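Quick notes on the structure that follows.
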Amino acid sequence: MAPPYHGDTREFSMAPAKKIKAKIKKTLPVTGPQAPTVSELMHWYCMNTNTHGCRRIVVSRGRLRKFIWILLTLSAVGLILWQCAELIMSYYTASVSVTVQFQKLPFPAVTICNINPYKYSAMKEHLSELDKETKNALETLYGFSEGKSKVRRDAADWNSTGRNMQSKLLEKIPLLKFDDLFKKTATEILSGHKRKIEGSAFHQGSSMVNIGEPQDVVGFQLCDPNNSSDCAVYIFSSGVNAIQEWYKLHYMNIMAQIPLEMKVNMGYSAEDLLLTCFFDGISCDSRNFTPFHHPLYGNCYTFNSGENGTILTTSTGGSEYGLQVVLYVEEADYNPFLVTSTGAKIIVHDQDEYPFIEDIGTEIETAMATSIGMHFTRSHKLSQPYSDCTETGNDIPVANLYNKSYSLQICLHSCFQRAMVDTCGCAQYAQPLPPGAEYCNYKKYPNWMYCYYKLHEKFVKEQLGCQQICKESCSFKEWTLTTSLAQWPSSVSEDWMLRVLSWDKRQKINKMLNKTDLANLVVFYKDLNERFISENPANNLVILLSNFGGQLGLWMSCSMVCVIEIIEVFFIDSFSIVMRRRWQKMKKWWNDRKAPRPQEPPQVNAPAKEGHDNPVCTDEDLPTFNTALRLPLPQENHMPRTPPPNYSTLQLNAAFTDQLPDTLEGRSH
């Protein structure tokens, strides 16, 4: 009997199924996209992904550790989604970042106007009737007259003296004392007649001198000549304001009928307004100023207008290197009803900008030295979609009536003037004249006052549409002004300075100038640094992708490759597996329905189809570890522990065959 076989017994000690699995595992690796189920695919992904959290969920031992890693991973995913949502919202909010730079700059344009637009001595002829009626109204209201005591008259005296003082102008627009605003009753100041007030009341209040009791208000009523019930009532808590407003209405009507050449001659010349001039330490004169006629301020003059193509610059900052002028305003020739203050008005602006001195001008006092220090800021805003601004104004459906570059104020004034022409048939005096239009006056347009006030009311309430149409300019320049005052001239230098200035003015010594007629003005840069403010997009596509990458790397140690891997596994491969399984099921169902197989006798304990007999694992699929595990197992035949005998070795040679019987016979004996 042969000895037992002592080879490697480890292979025979393993179960047949485990041996096959171990053998296949060495030759067929597991590939994720070929996994038969999504759960196996997810297991493969967690074991092979670069995101550490997912791998730790699979390889961690113990439920607590797995739970902690699941919680951390989900928290990181939640933070990523939150931060990415914030980045996307920030990207679409069109926010901007601001850049500030400093550099040197040229000197701006400086426009100077006398507060009194025209010499009263030259205007008396045109304003004689208006001035007379204004004095009559003051005498009736306050008992005011030159050389008489200023005692206010009672209402009882109006019937006896007021009727004789009515005028043509006051008959059209009488001044009224409102007794009860709620009952809408008023009394005419001159006649004392009671009247019922029609229309809406618009309060133009003031804290100045009140007329009588606090409840007393004064105003006037403007009505449509074609419809007496359609009226607008303007009330004032001060008789001073009421008379001034009434005076300005008639004043604009008169000035609109005077030719421009005549108005220029009635205004102040550059030689009249300017006494001395210095710029950057160098003497200058009226030839350095460009004349400019303003509808409300008469003759104005612009220094460094750039009209000749040259813009002056200053060598350094400080008051000694700026513009220094002494102005002569001639207070004695002021219109007493039109203006109630003395001095000049200036505005600092760019050479391409229109000087809206009535809106943003700075007033200069007489008998004072006014120093104005400047800081210059140039700004540029981004247009759509970052802000609602315009680059050139060409996209605004409003014609520019000013011969200057676009600005929001130009657009608003042009829009109102165009609405005035379209609605009232004439143009308002304080603004440029549109092509083909003419200024309003009583004779040709008797309804213009009522129309103007009603239109202005809509404009203030933003019902005219101008505020919705006009946009801010994307590029604009701004000068921040700092004003300081000092008494000028001083008491010790007043005598000789006024004598010298009078001599320069070519006046006689016995008609020496008064310091209340003079104003000293200095305009200078505090420093020569320009502050440039520009807007740049705070978010763009590159920044968005960078922020996404930063969030993924911060919270999950994940790069763009990881993102592609996630897209491939969770979207492409998972979808492919699900669709492949559904397709195989649909295909099998269709084949079974189309060509049913013949019935076979039922088999008892028939083994389930596995491996390549399974329709899920067809020949189209590449062999994997999972599909190999489904191959049919071999029959379990017990193998001998010793090799079978070699029967051919038991055959005897022929030489011994003949001896065999003898041997057998000998043993038998």
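Each Cβ is built from the backbone N, Cα and C atoms, and glycine gets one as well.
Annotation in Swiss-Prot places Cys411 in a disulphide bond whose other cysteine, of Cys300, Cys470, Cys474, is Cys470. Looking at the candidates Cys300, Cys451, Cys466, Cys474, Swiss-Prot gives Cys474 as the cysteine bonded to Cys389 by a disulfide.
Reviewing Cys415, Cys424, Cys426, the cysteine that Swiss-Prot connects to Cys451 via a disulfide bond turns out to be Cys424. Around Cys440 (disulfide bond), the same-chain residues at least 6 positions away in sequence with a Cβ under 8 Å from its Cβ are Met252, Asn253, Ala256, Cys424, Cys426, Ala427, Gln428, Tyr429, Trp448, Tyr452.
It is Cys300 that, of the disulfide-bonded residues Cys223, Cys300, Cys389, Cys424, Cys451, has its Cβ surrounded by the most other Cβ atoms within 10 Å.
Comparing Cys474 (disulfide bond) with Cys411 (disulfide bond), their Cα atoms are 14 Å apart once rounded.
Averaged over the topological domain 'Cytoplasmic' (573-669), the predicted model has a pLDDT of 61. Cys300 (disulfide bond) has Cys415 as its nearest neighbour among the disulfide-bonded residues Cys223, Cys231, Cys415, Cys466, going by CA to CA distance. In terms of C-alpha distance, the listed disulfide-bonded residues Cys223, Cys277, Cys389 place Cys223 closest to Cys451 (disulfide bond). Under the DSSP three-state reduction, Cys424 (disulfide bond) is assigned to helix. Looking only at the disulfide-bonded residues Cys113, Cys277, Cys284, Cys389, Cys470, the one with its C-alpha closest to Cys415 (disulfide bond) is Cys470.
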